[in-house]
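Working notes for the structure below.
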């Protein structure tokens, strides 16, 4: 996986530990400026392609390079650090968490694309000016879905067994709210994206805890996880952008707003809970 | 076979199980099946006095050492630690595995293996599952060998005539490659299948089968992550078991009949999959055409 300049820019965020779980981009931007990336820089500039087929010897070479590149302390100290500076295998619990996280994310994005697909015709036939917005949101969701599909296939995670159920429910939800009108459709988007935003934040928080723990113990963090966190952050921000769009387009005027959003949010939480397991 | 006569209780039930898998020819009943009327496993081999107790303990928690290797997140940058076997187990199993063609998947093979590896006979108690550990060793090692075979079978990029190999062709080649891994011990494989069919080993055997199907499809480069993920793995597992059983009775040179059997089954599965896909495509096309027609008539749906 190539590290784009955008990714490298974001990587500085890791060293300041547990942070930026707030749903705003500005937050992560401030922390990026506040942390000093000196010690960690070799990690982010290590070409990921060279690391990927991580054999033990290969690992040691790379960690040696990073140890020398950071170049601080006496040689013995440095020696000790290069010894410990390697990658730690994931624990069973961590692998379990990552599988269920990717599985539920894929299911969620699948549902989101289907909701927008089903909503678009009824909504757009009444309010043609919403066509670009609906298309924009759909395209972003489709990109998220393909991102998670690729991740699931790459990391050999089992997709959710309830795939057909989620497809049916999501299409039904999208179509129903679409037929109910623009406000209901937007209230549906608002409810879904609120839950999804919280959900992604919880995942990012957990991942950052993992990464921080490795770093404090002196282990190296693989590019895989840095990329994953960057991807999750980007997707979360885009989902929250949809939330803003929905509120701008009168989501709050839906009748009955409290019932619609309450039911949909409860449904989302239930679906997330189930998808994490099945 | 003389030992079989003093068996009571569980044996009739087990032999029914076993007869499902015993396709042809006489097979000696593995001696650890013999259970005394008191219900506790009885010792028959004087060399290995603690084994039965060890197995008894093991069934309490019902999980072998291989259980931690489940199909969860596969990390490339933080790879999982090596397989389920520790150093001593590996040494014994490597040596014991060499005895399999002669002694079968049996306590004898394990005992000889332990001796050859420089351990006492009693150290086979490390392997709480007895002969099943030897079977597990075979299954895991053969599965892990597939990854290396893949690079030989499909060198990077394309084949010699520059045409990329299709996923289904890769699945067939890899499945065949895995079946060839049984050639050395094929004469003993029915015994192994009988042991794997014992109720306490069925879950792990099925899990290993599922892992194998997953491995083959992953190595073949299949990236489908929709419901076909399940159907593909299920059908490949079924086909593999069928071919595996077929192979134990195949007398043709180079197991050509097994190869043709495998090819036919895979073609059938592909045909069924294509048919189901076509039906689904027709249904969804008709449904969306109908909805669009109603919309064109002015219905707000």
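Backbone N, Cα and C define each Cβ position, glycine as well.
Where the annotation comes from TrEMBL, it is an automatic prediction and has not been curated.
Taking the Cβ of residue A:144 (Fe cation 1 binding site) as reference, residues of its chain lying under 8 Å away and at least six apart in sequence are, in sequence order, A:109, A:112, A:235, A:238. Annotation source TrEMBL lists Fe cation 1 binding site at A:109, A:141, A:144, A:239.
Residue A:242 (Fe cation 2 binding site) falls within a helix when secondary structure is assigned with DSSP. For A:141, A:193, A:239, A:242, the entry in TrEMBL reads Fe cation 2 binding site.
Annotation comment: TrEMBL describes A:24-42 as compositional bias 'Low complexity'.
Annotated compositional bias 'Polar residues' per TrEMBL: A:54-77, in sequence order.
Taken from TrEMBL, the feature region 'Disordered' covers A:24-87.
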Cα separation, residue A:193 (Fe cation 2 binding site) to residue A:141 (Fe cation 1 binding site) (Å, whole number): 11
Env. residues of Fe cation 1 site, Cβ within 8 Å of mean position of A:109, A:141, A:144, A:239 Cβ: A:108, A:112, A:113, A:140, A:142, A:143, A:145, A:196, A:235, A:238
Integer Cα-Cα distance in angstrom, residue A:239 (Fe cation 1 binding site) to residue A:193 (Fe cation 2 binding site): 6
